[in-house]
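In TrEMBL this protein carries:
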type: DOMAIN; residues: 28-124; note: domain 'GST N-terminal'
type: DOMAIN; residues: 129-248; note: domain 'GST C-terminal'
Amino acid sequence: MEVSDQERKALEHESTAASISSWVALGTQPILHGYFRSSCSWRVRIAFALKGVEYDQLPVNLIKDGGQQSCVSLTVALSVPKLTEEYKALNPMQQVPAVEIDGTTLSQSLAVIQYIDETRPGPRLLPADPKARAQVRMISDLIASGIQPLQNLYVIQKIGAEKMQWSQHFIDRGFQALEPILKQTAGKYCVGDEISMADICLVPQVYNAERFKVDVGKYPTIKRLNEALLEIEAFQVSHPSRQPDTPDDLRA
């Protein structure tokens with residue numbers, strides 16, 4: 001069912017008002033448990049930046065013992081080591097991100113992003129229009145479920161010596177599906193001319209593709225969108241090269 005402009009504006013007003021009220025009442029900053037180069041963590045950092053939400057980071061070292069932490073605030077560095085078992089209790093999957101927010105802990109980046117969108121003021125990360133919103137979710141799921149899990153750290157560690165070829169194969173396979181979809185949905189960004197959760201998923205995936213030496217030039221729409229998005233401050237400040245746990249040799 002199509003929603004009229006007047007109805008859409010009314011819904012947006014009600015949603016924004018409710019979000020602002022809950023946001024003001026909460027008071028405490030969210031805590032992001034993440035890893036500088038994790039694409040899933042990067043998605044959440046982008047969402048926080050787009051919404052203008054201040055948060056603290058507790059970096060989780062995915063390389064060292066499956067998840068040893070040190071506490072790093074965005075403003076103050078604290079030397080507070082956390083044991084792996086503590087993080088396992090926080091997130092039984094021992095993956096990142098995990099976000100402590102509003103008295104609960106959420107994992108899975110798309111669930112976190114949608115919660116942020118529904119509870120914080122600022123630009124919408126999912127469109128009001130049902131068709132556009134479905135397209136955003138379709139693109140986000142294609143990346144988050146169909147591409148990224150096949151080349152994440154845990155999987156490629158199991159693959160061993162063939163990890164580069166494995167990752168290239170599945171990223172190319174995913175981009176071959178994503179490129180024609182984006183040709184149909186894209187305007188300035190992935191779906192129309194407003195930044196959405198789809199864009200939040202796209203940029204970290206292109207970063208991974210370049211890490212694994214995939215020729216992104218074969219996918220002109222993906223390349224164009226990525227280049228446009230990387231000009232935006234929220235994507236820059238959340239970049240892996242600018243995080244508290246970024247190694248010195250990878251820091252921008």
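From the backbone N, Cα and C atoms, a Cβ is placed for every residue, glycine too.
Keep in mind that TrEMBL annotations are predicted by a computer and have not been checked by a curator.
Remark: secondary structure over the domain 'GST C-terminal' (129-248) totals 91 helix, 2 strand, 27 coil, with classes taken from DSSP. Summed and averaged per residue, pLDDT over the domain 'GST C-terminal' (129-248) gives 96.
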